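Notes follow once the structure below has been shown.
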């Protein structure tokens with residue numbers, strides 16, 4: 001179900017943070033975010049519960065945790081300014097909410113890039129039925 005929702009969002013052309021985050025992921029991993037990470041493991045994609053399946057999935061878990069610490073805005077839809085410079089992602093917004101969301105996305109994209117060698121096709125389009133709430137970790 002979450003896979004269908006993610007695909008629907010991308011097909012509708014929703015602008016905002018999801019698009020920007022996808023560009024960061026592509027920059028750091030070389031992989032298209034929508035097809036590689038939109039439903040990867042238990043945490044990459046919309047929602048998340050259970051135990052992270054590998055280091056790449058743990059990056060998404062940490063990203064979800066980061067979003068829970070962002071107050072007074074909608075992280076998944078907040079637009080922010082950033083740029084790529086000499087291989088780095090630079091968040092350039094002075095608004096505290098936008099800056100925090102950008103930093104969450106930046107850290108996750110870097111983490112995914114650092115763990116791209118752990119990416120395992122068996123976790124792509126992973127069934128959420130394997131991700132049980134009883135095994136969920138706390139942020």
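Just so you know, glycine gets a Cβ as well, placed from its N, Cα and C.
Taken from Swiss-Prot, the feature signal peptide applies to 1-16, supported by similarity to another entry.
Taking a C-beta cut-off of under 8 angstroms and a sequence separation of 6 or more, residue 42 (disulfide bond) has the following same-chain neighbours: 48, 49, 50, 51, 52, 53, 57, 61, 126, 128, 130, 131. Summarising the annotation, Swiss-Prot assigns disulfide bond to 42-131 (among others).
The Cβ neighbour count for residue 64 (Ca(2+) binding site), using a 10 Å radius and every protein chain shown, is 18. The secondary structure of residue 64 (Ca(2+) binding site), as reduced to three states from DSSP, is helical. Feature annotation from Swiss-Prot assigns Ca(2+) binding site to 43, 45, 47, 64; the stated evidence is similarity to another entry.
Residue 44 (disulfide bond) falls within a strand when secondary structure is assigned with DSSP. Annotation comment: Swiss-Prot describes 44-60 (among others) as disulfide bond.
Residues or ranges marked as disulfide bond in Swiss-Prot (evidence: similarity to another entry): 59-111 (among others). The Cβ of residue 59 (disulfide bond) lies under 8 Å from the Cβ of 44, 108, 111, 112, 115, each of these being in the same chain and 6 or more residues away along the sequence. The secondary structure of residue 59 (disulfide bond), as reduced to three states from DSSP, is helical.
The active site annotation in Swiss-Prot covers 63 (among others).
Marked as disulfide bond by Swiss-Prot: 65-139 (among others). Note: residue 139 (disulfide bond) has non-local neighbours 64, 65, 68, 69, i.e. same-chain residues 6+ apart with C-beta under 8 A of its own C-beta.
Marked as disulfide bond by Swiss-Prot: 66-104 (among others). Residues near residue 66 (disulfide bond) in space but far in sequence (CB under 8 A, at least 6 apart, same chain), listed by position: 103, 104, 107, 108.
In the three-state DSSP reading, residue 97 (disulfide bond) counts as helix. Residues or ranges marked as disulfide bond by Swiss-Prot on the basis of similarity to another entry: 73-97 (among others).
Long-range C-beta contacts of residue 91 (disulfide bond), restricted to its own chain and to partners at least six residues apart, with a cutoff below 8 Å, comprise 80, 81, 82, 99, 102, 103, 106. Secondary structure from DSSP puts residue 91 (disulfide bond) in a beta strand. Marked as disulfide bond by Swiss-Prot: 91-102 (among others).
Following the DSSP three-state reduction, the secondary structure of residue 105 (active site) is helix. If you look up Swiss-Prot, you'll see 105 (among others) marked as active site, on the strength of similarity to another entry.
For residue 60 (disulfide bond), the same-chain residues lying six or more positions away in sequence with a CB closer than 8 A to its CB are 37, 40, 41, 43, 44, 45, 48, 52, 108, 112.
Least packed by the Cβ count within 10 Å, out of the binding-site residues 45, 47, is 47. In terms of local Cβ density within 10 Å, 102 ranks first among the disulfide-bonded residues 102, 131. The Cα of residue 47 (Ca(2+) binding site) lies closest to that of 63, out of the recorded positions 63, 73, 97, 105. Of the disulfide-bonded residues 44, 73, 104, 111, 44 has the largest number of other Cβ atoms within 10 Å of its own Cβ.
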